[in-house]
2 protein chains.
Amino acid sequence: MKSYNVAILGATGAVGTRLIDQLAHSTVPVKSLKLLASSRSAGKTIDFKGEPITIEEATPEAFDGVDLVLASAGGGVSKRLLPEAVKRGAVCVDNTSAFRMDPTVPLVVPEVNADQLKNHHGIIANPNCSTIQMVVALKPVLDKFGLKQIVVSTYQAASGAGQSALNEFFQQAQDYLNGKEMQSTILPTGSDKEHYPLAFNLLPQIDVFEDDGYTHEEWKMIHETKKIMLNDMDAEGLKVTATCVRVPVPISHGESVYFEVADDKATTDDIKAAIAAGEGVVLQDDPDHQVYPQPLTAEGKRETFVGRIRPDRENSGAFHLWVVSDNLLKGAAWNTVEIAERLVADDLVRVPE
Amino acid sequence: MKSYNVAILGATGAVGTRLIDQLAHSTVPVKSLKLLASSRSAGKTIDFKGEPITIEEATPEAFDGVDLVLASAGGGVSKRLLPEAVKRGAVCVDNTSAFRMDPTVPLVVPEVNADQLKNHHGIIANPNCSTIQMVVALKPVLDKFGLKQIVVSTYQAASGAGQSALNEFFQQAQDYLNGKEMQSTILPTGSDKEHYPLAFNLLPQIDVFEDDGYTHEEWKMIHETKKIMLNDMDAEGLKVTATCVRVPVPISHGESVYFEVADDKATTDDIKAAIAAGEGVVLQDDPDHQVYPQPLTAEGKRETFVGRIRPDRENSGAFHLWVVSDNLLKGAAWNTVEIAERLVADDLVRVPE
């Protein structure tokens, strides 16, 4: 059986540490594993399947001999280093936003558009966390009944902003409970000027603002959903709009989704049955027994959990659902490793000529 | 100047204590104040304008000689005692859901439908917290451009479930940070069977479930909004739908609102100008300087804060906004006292024959 020299770029972050763990529990046959990070982390060790691996500095030369790269070290690092890795013959699955909107780069959620993998030119992009769980939940609906419109409001966890934001959030929570003033230097986003506490608060800003009043996170949800579902980031056949809010939860995003289907004979039971049969989805929908998805119960799981499915009361063909998934796993590390598994299964771990 | 014998029913709760404070800082001329609660609290004292007042047990006879009752002791207590108070000549402003859907009882948000006060028969209902801030935000839009549809997703604070739920939430947060197991005996709602932690979690259930898969909180938002805005709880002229989620925030609800106006020539600037000029509303909407409403900055304020106003990108005449208000003040105690102020100003503190 073929096995691969794998590298993880950004091995020390909130997603990176989970990439190591997800890879260890995957079907990807690993011949060797390189852990790459900034020079600051070089020399430290992290265990992979019980063996300590020494972290190396991420340089172009570090990719010599590597077949498969799983990257989550930030958009700037991916932009700089992944073309170098591809040049050296490695196929890269990139968890950053660096290449997602490049029309030559497949943006893949395996349950939705694994067929796009065969078109890769060395780089496959992993979508934004908030997009992934929504398209996994709605893919069975798209296939069976068609989708006309999606209006989503997100409830996104602190860890989506990275490990240092998560640490800041926990410190804020402790300070608040101790009656101390909360300090904010990262949230809502390290790349913007003002910083506010997230603990015991809500921040209706994720990433920076665009000129039209939307945040870049909202922009991503709109265009990534269209690219994944309809293979066109500006597709007009499906209306998508989003409001993204950071909530004081460490891990797992929630989303309240209103959606309209094309087939207005679809019933709520039809929608439930379709989603229940969907790949990667677990239906948690039993109001009589107060069963619905929650971040605390989704944390650490690879699946996407869907509940609260119900008809809109005044618009025929319209429905609502509530979807929760671990933003660091299906939203990032697991989706990335799942892409790697498919690349391996379809013998696509090679850079085309 | 006329002054009134006032009673506060449910004086020791999260809303009750704020009713005392809001009344102290209101224009209502108070001749005397009775604080009424269960027998458990009777005998304790609470200060009003620097003077200690001894809490009395809430009995029918306690309302003898009372002109004005502000009630927030739960629906069952209101149903039992407020008719007794009215019988004794008192006008009652009730913060519970007991009488809200009674077609003979005005359901009032003064900024929206103060004109309904004149139709009271002794009881005026104060709407649900999540409804109030949304109708305050959207009333100027309704007046200027008409409203066709509202799709709201709420981010509701723990204190909406009462003081004991708020205490439970803080204990859970402390236990989680100390690595202890969280205990839940109240949340999501004391009146249902299963209980889950709210701290560092999201609970897509507020109040109990109806047969159609909606929660009663969602039902309230739909029908109260129609009754307040169109004076008909089943009005078909305005489509309203809601998804209500409890979030780990102590005080102040957030709401993500998608709305469609009738006048599809309305621009985003028109909508902003209308809302900025609205009564009881403060526009906090400056993405360039990361200005938007947050629970921590809204807490303790009487106003409703609106921001993130922007056009839907694919539906003409559709917009989005984010609204935050202190659920215990504008959502409860302040709206109740504001109704009392209007009753006094319009000389309506008397039970009609």
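Each Cβ is built from the backbone N, Cα and C atoms, and glycine gets one as well.
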Same-site residue for NADP(+) (record: TrEMBL; known: A:Thr12, A:Gly13, A:Ala14, A:Val15, A:Arg40, A:Ser41, A:Ser159, A:Gly160; options: A:Asn315, A:Asn327): A:Asn327
Local confidence of the prediction over the domain 'Semialdehyde dehydrogenase NAD-binding' (A:5-120), expressed as mean pLDDT: 97
Among A:Thr12, A:Arg100, A:Asn327, which are recorded as binding-site residues, the nearest neighbour of A:His253 (active site, proton acceptor) by Cα: A:Asn327
Residues A:Thr12, A:Gly13, A:Ala14, A:Val15, A:Arg40, A:Ser41, A:Ser159, A:Gly160, A:Asn327 binding NADP(+) per the record - widest CA separation, whole Å: 26
Entry from the binding-site residues list A:Thr12, A:Gln156, A:Asn327 having the most other CB atoms no farther than 10 A: A:Asn327
DSSP three-state assignment for A:Ala14 (NADP(+) binding site): helix
Recorded positions clustered about A:Gln156 (substrate binding site) [Cα within 10 Å; pool: A:Thr12, A:Ala14, A:Arg40, A:Arg100, A:Cys129]: A:Cys129
